[in-house]
């Protein structure tokens, strides 16, 4: 049956973040990726608006993939970045849902990261060698045993291996029925979400503490990028604020939801602690007006500028960066407030 562009755009608009338009076009790997990442974290869903006509034309050109030559597909920096990002995402999901398992860093973590990388590798008309991708992940993971940051080097190694082993998908027989395709997509989705759901509702306190520790570490790294850190904090607080609006006054705040409420309250408290530290760096009292902030910032920037402190360059550079970060963390929230 010929695919229609209007139907594709309608499915993209109504169910794009869960991959309905990709199911319609027979792009099951892409549909699974969108289901697990909510449309590539929203960015991928919006970006593919311009690519839909080409995908519809390709779906209508032939019911089976055209034979390809022996040369591999062209190297794609976008695909490589997606492999690393989704590999890290799968690894973090495994850390939250499966970290209590024995041998987690030797088995579950590299398996999750490798599968995440391979899902991105299989989008479109190309794929990679799953065995070699998993082997790279399993060989890298023991080097960073016991460290939560292991997800990044493991994902990078698996992504490089997947790019080296990329090739076009072979021609296959008749396409599966829609029921069979949806069944396989459903199984893959359940395999990803079941451990997370179990930990969220059956092991809530430990999972909430682990999530809070992870958020604390990430926000701590972003202290040198106040604008990015502030954006991430606001993004993390959105679900909490929406939940409070929906449940306030409905008697819906007991049990496991109280543990997750603590996580979001922790993020909120992190903002106030960050502001108090910024006032201290600038030598101001809490709640100082904007005029005093500007004045103190100008004075301290002149005082600690590295060009004026060549005899203590290392200390001056550190203080200079601290002053800039403190100033941005105080100015950015006030800019966001309506006048």
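The backbone N, Cα and C atoms fix where each Cβ goes, glycine too.
Keep in mind that this is a model prediction, so the values were computed, not measured.
Listed ranges 6-25, 106-125; the one TrEMBL annotates as transmembrane segment is 6-25. Note on TrEMBL: of 61-79, 80-98, the range annotated with the feature transmembrane segment is 80-98. Sequence-distant contacts of the transmembrane segment (32-50), counting only residues of its own chain at least 6 positions beyond either end whose CB sits under 8 Å from a CB of the stretch, comprise 12, 16-19, 22, 82, 86, 89, 119-120, 123, 185, 188-189, 192. Taken as a whole, the domain 'J' (277-339) shows an average pLDDT of 80 in this prediction.
If one looks beyond the transmembrane segment (6-25) by at least 6 residues along the same chain, the residues whose Cβ comes under 8 Å of a Cβ in the stretch are 31-35, 38-39, 42, 45, 48-49, 52, 55-56, 59, 178, 181-182, 185.
DSSP labels the residues of the domain 'J' (277-339) in these numbers: 49 helix, 0 strand, 14 coil.
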